[in-house]
Structure formats: C-alpha cells, structure tokens
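If you look up TrEMBL, you'll see B:84-108, B:128-154, B:244-267, B:279-298, B:333-352, B:373-392, B:456-486, B:507-533, B:539-559 marked as transmembrane segment.
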C-alpha cells in the first residue's frame, strides 16, 4: 500500500552503497596485537596464559519457526524433566565440587605436611644443608610439575580462572576454559602449586573448577553418554549453562572456605552479571550440598583416617568463641587500619597488574620461558622461606601456654627451627609453614607476646611481594589466600603497634587487617563480610568488619579498579559494565554503528551465503525481504552463522528462488529438529571451512525464513548509546539491530555488538571525546593523574 | 523518496479506524469491583486498608530534547553533587532508621513492661480480677488507639507494608504509602499495636518505615526546604527513588532484628525487583550505619538509663556460645521438622489469605467495622493470654537453675502467675509475656525440663491462630515475629517429642522450627538463613538451618505462593514476575494489544490534547509525524501525560501549526527547565482538571517534538509475549510500543503496559488458554486441585 514505487534494484543499490563503507562490525575478526595497550575491541584475549579468539554467548530467545514449535510443544512431561534435571544437576555439582574440594585439601595437607615433617626432622638433627636441599628440590619439582602440565596440556588452566569465569558469565565465551583437560589440569596443578610452598591460593582455582564441572555436567553429556542425552537437551543453550556455571562458582568458594552463604554471595556480587531470585535459591541449594559433603568428610577425618589432614585441614579459624567487647576508643585504630588497608590493597592490585603485563611480554616469546619463570620463582621462594627465619632471634618458650613449645611436627604456634631447646623461632612459625597454619597463627588469640615487631614486618613484606610475583606463573594460582595472609600480618602488626591501648587482641586485628586488604584488592562488600564471618565463626565482629570493608573499598576505589577488573582488562576480555559512561550520553546509536553490513535476502543463493561466511567472521546477519516478496523492503529478522552452517551442512536447498509457501514451516520441521540448532559447547560447532559443496549446489537457493529469528530486539538509530546499553546489558544480547528513524531507506542501519559499547572502539571513532573523558578521570584522581599517566601529549590531543 | 503517495487524510483515517475498536489500553481506568475475585487488570488496589487508584512508575530514560540537554550538560560538579548526595542520603537513612528502630524498641519494652509489672504485682497480691481488668483495658486502649489513628489518619499504614513496598519496587506506585502522615502513623501505631499484646510483629512496619523515610528524604525536600532543593534535583525521578527505597527497606530489617547483613539480603531477595552490585554496596553501607547506631544506643542502655529496656530489648538471642555437635542421627528429625514446617507454613499462608479476604469484605462496609474488629480481637486476645495459663499445672521450681524462680517482675523464664511460692506456671512464662521474651524462653538452652508437652502445644495452637486473626486488623502489624514465635513453639514441641534421642537441645529445635515456619511462609532462603544466624549468633547451626529452609520452602512451594505474593494478589497489585508463564509462549504481542490507541501528531491542537487527556486516563501517547512534516507517516516517539499537563499549564502555544524549526529546541529550553518535567512525589502531580484554558487557546497548537521521547523501546508485533516480557521486565518499562511487521500501515500498532502482561487480562482475551493453564496447575497440585478450586464448570468452559 505504501511505497510501491521502490524496486528491488534501488534497494540493492542502497545495500551496496552501505557495504562499501569502511570498517568492520558484527564481531569482526581483526587480530590486533593485544598486550600493550590492552585491547577491548578485538576478538582475541588472553585466556589462561594463551592468546585465543573469543566469541559472545547467545542469551537471546532465538524465535525462529523451528524453535517456536519446539518451545510451544513442551508439555508437562518436558517441564517436569527440565525442572528435575536442573535440581539434579545442582545436586551433582554440589556433590562433585564438595568431593573435589575435600580431596584438594587432603592432598595439599598431606604433601605439604610430609615435606615439612621430613625437613623439620632433619633440622632437629642439625642437618640444615640437607634440609634446605630436600625442601627446595621438592618445592621445585612440585612447581615445575604444575607449570609444565599447565603450559603443555591446558594453558587455559593458568591463573585463578576467576576473570575467565566472570567474563563467561558476562557473555564472553573463551574456548577451552571449560574443557575436561582444563578441569583435570586445574585440580592437579592447583594441588601441586599450593603444596610447593609458593604463595598461591586455592580458592580461585576452586571457583574455576566448580564452574568447569557445572559446565561439563550441563553440556548434554557429549555424544558418548547416550543415556542422558534426551533429558539434557533443554540445557543445550547458553542461558541454562550460565545458570549452572553461576551455581558452580558459588560451590567453588563454598568448598574452598567451607563458607556456603559466602559462596552464594560471592557468586552474586562478584561473578554473576545476570541474577534472578530463583538462581539465588538454586545456588543456595548447591552450596548446602557442598557444606554437607564437606561436613561429612571432616567428621570422617576426626577419627584420624586422613593422614596429616588432622582437624584443621579446611581453612576454618574457629578461634573466637569468647565474647568480644569493644568501645569507641577502638574505632580510630580500626578506621586507620581500613584506610591504610585500602591503600595497600590498591597498590597490591596496581603492582600485580604491572607484573602480569611484564610476565605476558616474557611469555609471548616461547613456552620455555613460562617454565623458566616458574623455576626461578620457586627457587627464590624456597630461599626466602628457608633463609629469612635465620634473621629472627630465638625466643624463650612462654611458660603459661597450653600448647607444646617448641612444636615438634608440623602444625603449631611455636616452631623450633634452628633454636635451642626451650626456645622457638617466631618468624619460622609464620613463614616456614603452610599458608593455612600461618593464617591460623596470625588469627590466634592469647598470643599477644608470641611475635616480635620485626618478624611480623618481615613476614608482611615477604608476603606482599611474593604474592605478586607468584600469581603470574603459568600454573593454577589463586589470590584469596595470599591476600588474606598478607592482610593478616599487616593487621597483626597494626595491633602490636596499638598494643594495650585497645580492647581488641592482636588476633582480632589480624582478622580486620585481612578484611581491609581483601576489601582494598577485591572490592567486594557483603560477600567478603560473610566469608570472613564464616571463616572466623564470630558474629560479634560484624560491625567492625563492615566498617573496615567499607572504608578500605572506598579508599581503594579512588585509585583503581578491583584486581579482577584489572586482570580482565589486561587479558582483553570485552566485559560489559552495567552503567553507561557519561560520554555515552553524548552519542547516539547511529554514531557508533559502522559498516559494512552484510545482509541476506529471505531467499538467498547458496553461493552468496558461502562466500559471505568464508570472507567474514560475523555471527549474525539481518535477513530482509524485498519486492516482490513484500510490498516494500522490510526487515524480516536475523540469522546466526551457526544456523547457516547447519543449513549448508544438511543441504536443504531449493532449485528455484521460490517461497516454500505455506508448507515452509512443515518442511523445515520435517527436515530439521530443534536439536540440530542447539548450541554446542564452545569450540564444538561446525565450521564453514569443513563444508564442501558442488558447483551445482552453489547455484541453488535456501529459504531462510523458517530459520530466521523473526522478532529480534531493535532500537532506533537516534537512541542514545547509554540507553541502548541498558537494553543490551539488561536483556543480555549479542546482536542489537538498529533501525532507521525515517522509513524509505534500508530497513536496517546496522548491528550493535558488545564490541560497539567498548570504550576503545567508541573513542577511536570519536577522538574528540577522549579529552572530555580524561577530564572526568582527572576529576576522580586529581593528584594522582601524573603518577599514573604522565603528561603525554597524546592524551591532551 | 518513498511513499509520497500517502496523504494526511488517508493516515488519519487509519487512526480513526483503529480508534473505533473496542476496549481500553494504555493504563485504562476501568474501576472493577476488586475483592472477589482479585483483579490484576484494573488500576485500583487495596493500599493498606483502603482501595486507591494506582499507577506505574517511570524507570525508562525519557530521551526528549530537554532531558538530553540537561543530561549531557552535567559536568564534574554535578556528578560530584549527585554521588555525594547519594551517599549522604544513605547515611541519613541509616541514621534515622536506626534511631527510629531503637526508639520503637525502647517504647515497646517500656509500655509493655510497665503493663506486665503492674499486672504481676496485683497477682502477687492475689487480686486476679483487678489484674485482668488492668491488663485487658490497657491492651484495648492501646489497640484502639493504633487502629483509630490508622483508620482515620493514614489507612495506607495498615498491615505490614511489605507488600506495598515490594510492589513499589516492582514499579507500582500507590498514593500515600510514602507520605509523612503514613510514616508517623506507622511508627506510633506499630508501637501501640505491639505493646497491646496483640500477636503482631514490628519487622514489617520497620521495613515500611525505612522505605518511607528513604522516599521522603529523596523527594527533593518539598518546596519548603529551599536549601536542599538544588542538590536533590537529580533524585526527582523514579530510578533514583527506587534505589533509595531499596536501601531503606534493608535498613528496616537491619533495625528490627539488629541484622545488617540479613537486611541487605532481605532487600535483595524479597523486596527488590531490580538489583545492581553498586546498590548492594550502598545498602550494605546503610545497614552498617544502622548497626553502628543501634550498637551505640544499646551500649548506652547497658548503664540502665533506658527504663525497662534492660539488656535484651532488641531481639538478639545470643544464647549459644557453646560448641554444638550433631551427627547423622539428628538428620531425620530435622528433615521431618522441615517437611511439617513447610506444610504448616503454607497452611498458615492459606488461612491468612482467606481471613484477610473476609476482613476486607467487612471493611468495605464502613470505618466503624474496622475499629470494631480491632476491639473484638483485642478483647479476645486478652482473654486468651490471661485465661489459658490457668489450664497449666504449677510446676515446682528446679533447684539447679541459675535464674531466680519464680521470676518476680517481667523478664525471666519462670513466671509465677497464680502459682504458690516455689512454683512456676510454664504456660504463663510463654503466653503472659512480651513476644521477645517468649522467643527468648523458647530458644533458651539448659531448660529441657522447663515446659510440659501440653503447655507448648497450647501455646503453639494459640499463636498459630491468633497470629492469623491479628494480622488483618487495621493497624501497623508485621508477620515476622508471629511466625518466628509460632515456629519456635512448634520446633520446641518436636524437640520434646524427639527427647534424649537427639544431640540437639530443645532450644536448638526451637530455632530450627522457627526457620522451618519462616521458610514455609515467606519462602526466602539466603536472607532468612542469615537473619536467623544473626539473631542467634551461632554459625555452627548453619548447615542444619540451610537444610531446614530448603526442605520447608520446597514442600510449601508445592501448595501455594509466598505469603507476601498471596497478599499482593489479594490486594490487587499488578506485580510483574521475572519469568514468563508457558502460555505466553503461545501468544504474540499482537494478540494481546487492544485498542483504541490514542495518538498525537507532532504538532497538535491544544483542544485535541485537552479532550484526550480529559476523556482517558492513559499515561503515554505515541506521537507520529505525517506528511507534509515527513515523507511518510513515521513514529516520532512517545509523550507522557504529566509532560502534556505541564505544557498546558505553562501555555507554550503556537498560533499556527508550523514547526518551531531549528530554534525549536532552544525555545523549549528557554521556556522550560528540566525541573519542570521532573517527576514529583506520588500524588503531587498537576491534574488536567485544574487547568483552565480559553476558547482561543484551545484553537492554538503545541509543537510536541522537543518534549517527546524520540527513542522509545519498541518491539515488533510478531514477537512472542514471553520474549517481550523479558524486555519489559528487565529494562523496567511502563510503556512498550508495538510496531508493525510490515510497513504501509500505521507506524505503531499499540502500546503494551504492565496490565497487558497480567494473567487475568490475557486469559480474558484468550479464554481457550484457560483450559491449558489449569492443566499446568493441575500438574503442579495433582490431588489438591479439588480442594482449592472445586469442579466449577466455568473453569472447564
């Protein structure tokens, strides 16, 4: 009725014109060197320790004919299957993660325990050289083993894995992070790295392990397990997988710290980008299972069947069943603790970020460098751990302690080390010990006179730098425990300085110090608060911990972002924030959409599709209908690359460019099932390169209508970028179609992807905004700007 | 270029045609009788105890020219002001809510305390008749006072207020819920209702109070306080108000239970419909302030300056500093406790819902009935409380207790009541006591022999029914404490039945019983878990509480919805769920959009606008441009009723229907400031009825372009309703424009509002779906269907 005048010819000329414009959109494939400066806009990122191509995840309900039929046809049986499977999967995740967490602890405690027992026995016989040799060689072997399996078998298992999982939950799919290989290496590597006395944690790797287990369980069982295939088919999409991975990461923290509520809150506050209250319930169920499994096994171990695991294997510093009292006088030192902790935390993050960048430059050269660095750091750490305690003066044993002094064996407050009988070495009690035991010593009450100022200070400095150096090695390595131990020694030192002026004992200061450094580095609030409460088991500390966390986070936020954000940025993950930057208000959607836009027609030639798929790496293509199929050119919908590849593989071609007509949907549903278009696990999809077509087939046609998402989300080109971001982020989109304000042009202007909301992309297109942006940053850090960015002319340009 | 052929005439004929179709959309004003059956689709709901018209809130960024200029022009100073004010407001909310919470407790403890002391003293002198008279008359006066101020001054203050606040945070604006009047009545009424020995709680009213304080603080200070006006102008929109109200409700729970972390989680899990992690941080800060304020005042009270407040005024049952051990043997009774608790909880909700509906029918008649009912229930409760203890046998005082027995005065485990010296009445210890003291007695350890089976059972039955009867009275009344006390007596009874076969003492069973009934009634998980932990201060109970909550919630979910959902439904709040119902997959957006659609042109006659505003109650109107203003009819955007009224009030009219041209935007920004269009507090907006225009003015024109939101969110008419709901709910919309799939018709098909996603509306339009829907429900409750809905033919039709 309207615009009959327009012809197919004039329409395609419009498309050609827009196609000749510059630049790439729709998830382009430009491989840009990544490490300096960090690049948000490319499709590659450092995953673990390797550079890999990454993709976005599809959370949108892809409403094509086939899907609609499948979706609508789900009866009560299917809904029952789906619900049951969801809970069953959560139960399995909890069970397996709980088991893995327990075995992890058991292995670490036994391996590290035997090492310390053997070494200590040698030192009791004054064979110090031999002791050092055994200590350092066993550390070296463990560290080398961890780094070699990581480097050669699963580079994606390097590091804590939290940034990767966080990016995944934001919609960034990196290959291999959830593969079986990565899982095995992560578990084994984490055990040997932690046992090797490197200052690395096990919480981060546990989170990655949990997420990995969850993803593998929900993947549809792979084709090998025919049994579960049918029931798991509802989980073959990114939405359900995302929910499972969230539960898995909650289970990871729950298993690492024996903190079920803290785990749920950690997943909620730090990991998840999308959250619903049903998910809260489901992750709570998962962590409850973890807690029960752990509890059952710990009960088993009380009977002494777990070797050196003993009673304190899991971090659980249940040291304060007494009533704590404090008054207004205690507030100033606690506030100071928070402020300095915030500064130290952000400094820690800053240095860690820099060191990681240097490491990455080294790693670029060859795999040998990765192993070499692990080797060097292990030797260095062994020297520090064994050498530093000699600096400390031997202390006479206190007479009124309930514990044996000096401790013979591995666990205890008073290490003998090189000291004569009746004396102990306080620095060795901290440094020549497993991390868990060191934290327990720092947190312990009634030990106000145990440590000297110098010992705690030396320990703090050692931990601060050694944790920064150790994190970047190519092995599974977490940050939580190193930060807790560093913070605890800092807090204990402050407590000793405040001395008897405070009602709080030094152990409580150590807890608050750990909180302040965690707050300054990880920038979480509620979840850290609950994790610390669950670790120390005393709720009366709550108000003080809240104050410390709030102060340290506020202070640290003035300097830089959280450590995970910094790492994600350095790794190049295009993380989509919830809030819009102020400059996004200045821009409309049309200002950032760039061409060329690849379009398909409702009925398209096979050859064209193959050509476009081979020459671009776009993942979504608008489908338009033109006269004579419709009265005027209209946007029919959007089709995904993966679906096109499936169509080509099945060779569902037409010989003439005619509509399949009323039977179209029926045809499609006979030839295809919803399973054909289900999303595979990452990296398992078919590739266009593998499809071979004859010349004849290339000349045939495909009716794309039944396979096209006919109701994509759209925005008008005049919408501000900030407002479009709200839609894109809240709904969790991969492609957002931009339609023109005025009709009479092509029915689609472009496609917005994650990439188009990244600061680097926008500021490259609109360099004038850069100056305004720096103004805003300068405002945030008035005096620190020079320190961080210098006066480079390029910024002012 | 395209479709020059269409004329203005043909376009308006399209509009006229569509306008002649049936039914109302865009927030219609059909006042439907509300109480039976509950009506989701109308614009009226029971707010507190009165029926009021309600509206939706505007969370969408309303991108008109004026707003864009204001938004873009915000420099660093404005951003600084905004950020500072946000934190300052949170601080103030925490401070004031903490103060109110403390005063509330202080008042309740003193009023109720004096009452019990006077009565007990009379009973010591055996003047039982006089004691009953004093007791019942003082209760009656307090209850009447509470119900009269509520009924006559602020009906919106009746009930707990949690459903109203929850609906507000979902986007439903009910008038008066956040007014100063409501606030004052809520606080005063809650104090006297709780003091009057009615079984009502203070947590719900505290949540409403917190939300109310937050909303009042953020409202821009009203015109009286010129000082704060300018700095608060950024908060004159529904988005920022929503954040403040969320923080306020978190502060409410934190103040009621002295549970800061629990408060944050309660707001997150139960109250908030939209959540960001910055909001988590801000509400955490708010509750930290509450915790510190409370802590400071409690410290003050330790010195005995607070009258009868004593040391235990705030609910804080810090009774388990011992180590708890339990083994596998304890699991079966705990599971049974959870299952039965779930059933009892859902039964409680079911009965409460029915009783509320009966009450509402009574209340419809006149205000006198409201007062009358409060009078009756108060008398009845007084008789129960004073009469039932006479049924219990006097017990001889135990010899090995550390407490005085019998207790003289008000607080203590062993009430003397009518018993001779050296004896106590165990039922009176529970029933003739404040709620807090009763809970403390039930939770207490080392009192396994204190209570008889019959006493605890009588107490449980009394609480169960009395809490149902008391909640519906027209006075501020919470549900948390009644459910806790009922659950605790149930749990204690189970503990007594299990007896010495369990490692857990009866007090712990009472805690678990409270958890199970809370889980069965409120259906929260993590937040209840943390609240109970913070109340009882023992983390070792955690795994058991988690299990009990999960079991009871799962069992209860099989029967009905959470109590707050039932109440919201009964009150008629159109609450928008996150998940789509299965039948929404069967429908496309076009199937539910109904006419007539009221459109405006870009340049519209004043008379037309006035006519449309007077004859409809729609809140959003699409604005279209037609030739000659544009080449073809296009959708320019959407304009709000409130903005139109402002335009009419300012009389910014044109004498000819011409574009203001390039200077249009400038003109608008000279005549209007962003403040003119800022959203007022609910009910404060101008009304079309108040605007008087001359005949001449009615013939003039307004250029709507600068005031129209030119980039509304749109969906295509073929999108499934389930998918449109995701956009509507996640982004938080009030109006969602539906555009046609094919061009050549009107550029807009209709507007979706909250109303269109409500089950009642959809099922009225598509009665065939009803049968399928019942099928689904029947699947959920296979055997219970008959009980709940009977075999009515109308359902099957």
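Cβ atoms are placed via backbone N, Cα and C, with glycine included.
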Closest-packing stretch to the transmembrane segment (B:244-267), where packing means Cβ pairs under 8 Å, from B:128-154, B:373-392, B:456-486, B:539-559:
B:456-486
What residues elsewhere in the chain lie close to the transmembrane segment (B:456-486), defined as a C-beta under 8 angstroms and at least 6 residues from its ends?
49, 143, 146-147, 150-151, 155, 157-162, 185-186, 189-190, 192-193, 198-206, 208, 256-257, 315, 344-345, 348, 351-352, 355-356, 359, 363, 370-371, 373-374, 377, 380-381, 384, 388, 391-392, 427, 430-431, 435-436, 438-439, 442, 492-493, 496, 514, 517-518, 521-522, 563
Based on Cβ pairs under 8 Å, which of the stretches B:84-108, B:279-298, B:333-352, B:373-392 lies most in contact with the transmembrane segment (B:507-533)?
B:333-352
For the transmembrane segment (B:333-352), give me same-chain residues lying six or more residues beyond its boundaries with a C-beta closer than 8 angstroms to one of its C-beta atoms, as numbers and ranges.
464, 467-468, 471-472, 483, 486-487, 490-491, 494, 498, 501-502, 509, 512-513, 515-521, 544, 547-556, 558-563, 566-567
Against which stretches of its own chain does the transmembrane segment (B:373-392) lie, if we need a Cβ under 8 Å and a gap of at least six residues from its ends?
131-132, 135-136, 139-140, 143-144, 146-147, 196-199, 359, 362-363, 415, 417-418, 425-428, 431-432, 452, 454-455, 458, 462, 466, 469-470, 472-475
Sequence-remote contacts (6 or more beyond its ends) of the transmembrane segment (B:539-559), Cβ cut-off under 8 Å?
320, 323-324, 326, 330-331, 334-335, 337-339, 341-343, 345-347, 349-350, 508, 511-512, 515-521, 523-525, 528-529, 532-533, 780-781, 784
